[in-house]
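A short write-up of the structure that comes next.
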Amino acid sequence: MERLIFTAPLAGLISLTFAAFFAKSILKEDAGNKRMKEIAEAIKEGSTAYMKRQYRTIAVVSVIISLLILFLLDEGLKIAAGFLAGAISSAAAGYIGMSISVRANVRTASAASGGAGKALKIAFRGGAVTGLAVIGLALLGTSSLYILYGDADLVVGFGFGASLISLFARAGGGIFTKAADVGADLVGKIEAGIPEDDPRNPAVIADNVGDNVGDCAGMGADLFETYVVTSLAAMLLGSLIIGTYKNAVLYPLMLGSAAIFASIISVFFVKVEKEGKVMSALYRGVGGSTVLSLIAFYYITGFLMGDSRFFYVTVAGVVITVLMVIVTEYYTSKSCRPVKTIAVSSETGAATNIISGLSAGFESTLVPAVVIAAGILVSYFIVGGSADPGTGLYGIAIASVAMLSTAGMIVALDSYGPITDNAGGIAQMANLPAQVRKVTDELDSVGNTTKAVTKGYAIGSTALGALALFADYRNKVSLESQSISLDSPVVLSGILLGAVLPFLFSAVMMSAVGKAAFEVVNEVRRQFREIPGIMEGTAKPEYGRCVDIVTKAALHDMAMPGFLAVIIPLLTGFFLGPEALAGLLTGLIVVGFMLALMMDNGGGAWDNAKKLIEDGYYGGKGSEAHRAAVVGDTVGDPFKDTAGPALNSLIKVVNMVAILFSPLIIGGGFL
């Protein structure tokens, strides 16, 4: 039984091997004509340059924090080493995602000349490289450190490193991509009246670069972090019930191993048998991964735990995933009521479009909240939480681990989106035939849905995983502190501080996008005004200027969100005590979850309302409704691609800070 744990790092290595195999097969595909290669090279150079500058900045911060951990904490050397390993692994996950995306995009565009089948294969397998790399690195790192240290508490540093880099990646990438996107749309579509991805737009390359550094690299680092901290939370809680269930720490690692093999097999399920069935092909892959994982979970549970109730908990986790996907698709799909309502409201102007979009976003929080609440209760009580609260909390953690059984496929779906988006942009800028653009538009339309759906999944898994992390924090501090009571003014003060943190964080992120977009808009206007021949297509815009503007803005403004995530919980714990920090975590998890849902779903609904009008409905392109929808989309962009997704990372970073520094916080506070 002891040797079984080596299955986990082995599974991680196998996942990385298949990621390399798929990457190699993609690179063998044709990259198109000279013009396509030039455009793709510009996107690749911009993406690579930004990532390198971002990682240099993050490296300095990581070294400083690792030194603080080294000198402040017991076993500081091991925890600091784990922190650096987590930071490097998270950065690697993001870089791999970006690297394959900027190579798969042009090959997808080239393959589109032969129809959707081959183009889908290249785009999805490009996404699968990121997905398999993310879960492979996460499981390899977590299990290897546990084997090396023999204590789950010492692996917390790895989770903190992953969380912090994810926050920087989400914040920086989100600011970059949406500043470029908003700037390109406001001047290009509204003022100049030129279509999306038009080579005459000076911000078009920055916009395409942003798809890679924001969506691919950002989501890769985000779900890497989620995978690590959720597995770690289950292991930490499992160590508390090891007297009853001797394999409670090993169990989540084995579930993760089985899910990797299910994901690898399911990649081969994704193929288009008939034209127009792209979404069905993608969901077939996710469904295959889910079914194979559950079959494996059944046998693993019987072998390791000897208690079928834990299998039912994994089923509950998978059901939560399915329901979150369904709800998110409903609120962001062009064929459903919320998006159609926003599109109709656009006919009377931007104001009614904004009002309808906000309404849809607020409404979209109801069902997910009920789903997560039901999942928590079912997972807790089904394993006997009423009799043994420790086992009940472990059940919640296992449900969140089960949610991540589809993480490899979910990351693949998310990364598929920017690959097809870039492919469409390359086809447009290279003036490829209309038939090619039709194929890339079809793939991109599906990609917009998958990006929205995966955000809903990420939020749900964050909420459930954060509860498990909170339970571990509470266990650590309650050993030497009074019980945490909601009628305590100290706890209530902490709840208020935690509740306001997501709003403060979002304000910082939205402000950063607004300032950077302002500079991009002015630069694009300057080029249209001062460079003759751009609109006629006889002069080439200075693409590098816009890339440089958003790069500087992203690197400058990503520091403050990270600072807030680390310093506020530490100050709360040190000055108000561990009970106040517990309240802060409670307020943060609840409000952060709701606000992230509202922003992601509302932003996705605004985006697809615009695309619905561009499909020819409610006036079509160039109409007043279209202009209003573009305004709504530019408001929704930083909602769904900057502030909303970054809230996931904020929630996990703050929880990891609380757990990691809990030995210093115990006994602290002036109240």
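First residue shown is number 1, and so on along the chain.
Glycine is treated like the rest: Cβ placed from N, Cα and C.
Pulled from Swiss-Prot:
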BINDING   Asp181, Asp185  Mg(2+) 1 binding site
BINDING   Asp607, Asp633, Asp637  Ca(2+) binding site
SITE      Arg170  site 'Important for ion transport'
SITE      Asp215  site 'Important for ion transport'
SITE      Asp222  site 'Important for ion transport'
SITE      Asp641  site 'Important for ion transport'
SITE      Lys652  site 'Important for ion transport'
TRANSMEM  4-24  transmembrane segment
TRANSMEM  57-77  transmembrane segment
TRANSMEM  79-99  transmembrane segment
TRANSMEM  156-176  transmembrane segment
TRANSMEM  223-243  transmembrane segment
TRANSMEM  285-305  transmembrane segment
TRANSMEM  310-330  transmembrane segment
TRANSMEM  365-385  transmembrane segment
TRANSMEM  393-413  transmembrane segment
TRANSMEM  490-510  transmembrane segment
TRANSMEM  558-578  transmembrane segment
TRANSMEM  650-670  transmembrane segment
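Distribution of Swiss-Prot features across the structure.
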residue: Arg170; record: site 'Important for ion transport'; contacts (Cβ under 8 Å, 6+ apart): Gly218, Ala221, Asp222, Pro645, Ala646, Asn648, Ser649
residue: Asp181; record: Mg(2+) 1 binding site; contacts (Cβ under 8 Å, 6+ apart): Asp207, Gly210, Thr634, Asp637, Asp641
residue: Asp185; record: Mg(2+) 1 binding site; contacts (Cβ under 8 Å, 6+ apart): Glu196, Val630, Asp633, Thr634
residue: Asp215; record: site 'Important for ion transport'; contacts (Cβ under 8 Å, 6+ apart): Gly173, Thr177, Asp414, Ser415, Gly417, Pro418, Lys451, Asp641
residue: Asp607; record: Ca(2+) binding site; contacts (Cβ under 8 Å, 6+ apart): Thr332, Asn448, Ala452, Asp633, Gly636, Asp637, Lys640
residue: Lys652; record: site 'Important for ion transport'; contacts (Cβ under 8 Å, 6+ apart): Ser163, Ser166, Glu225, Thr226, Val229, Thr462, Gly465, Ala466, Leu469
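Sorting the recorded positions Asp222, Asp633, Asp637 by the number of other Cβ atoms within 10 Å puts Asp222 first. Ranked by Cβ pairs under 8 Å to the transmembrane segment (393-413), the stretches 156-176, 223-243, 365-385, 650-670 are led by 223-243. Where the transmembrane segment (490-510) meets the stretches 285-305, 558-578, 650-670, the count of C-beta pairs under 8 angstroms peaks at 558-578. Sitting within 8 Å of the Cβ centre of Asp607, Asp633, Asp637, and not among those site residues for Ca(2+), are the Cβ atoms of Asp181, Asp185, Gly603, Trp606, Lys610, Gly632, Thr634, Val635, Gly636, Lys640. Below 8 angstroms of C-beta separation, residues 307, 309-310, 312-313, 316-317, 319-320, 323-324, 327-328, 391-396, 398-399, 456, 459-460, 463-464, 467, 593-594, 597-598, 601 of the same chain, each at least six residues beyond the ends of the transmembrane segment (365-385), sit close to that stretch. Residues 96, 100, 125-126, 128-130, 132-133, 135-144, 146-147, 250, 253-254, 256-257, 260-261, 263-264, 267, 408 of the same chain, all 6+ positions outside the transmembrane segment (4-24), place their C-beta atoms under 8 angstroms from a C-beta of that stretch.
Cβ contacts within 10 Å of Asp641 (site 'Important for ion transport'), excluding its own Cβ and spanning all protein chains shown: 30. Beyond the ends of the transmembrane segment (57-77), by six or more residues, the same chain brings 83-84, 87, 91, 154, 157, 161, 164-165, 168, 555, 558-559, 562, 566, 660-661, 663-664 to within a C-beta distance below 8 angstroms of the stretch. For the transmembrane segment (558-578), the list of distant contacts is 54, 57, 61, 65, 164, 167-168, 171-172, 175, 477, 481, 490, 493-494, 497, 501, 504-505, 508-509, 512, 584-585, 646, 649-650, 653-654, 657-658, 661-662, 664-666, 668-671: same-chain residues at least six beyond its ends, Cβ to Cβ under 8 Å.
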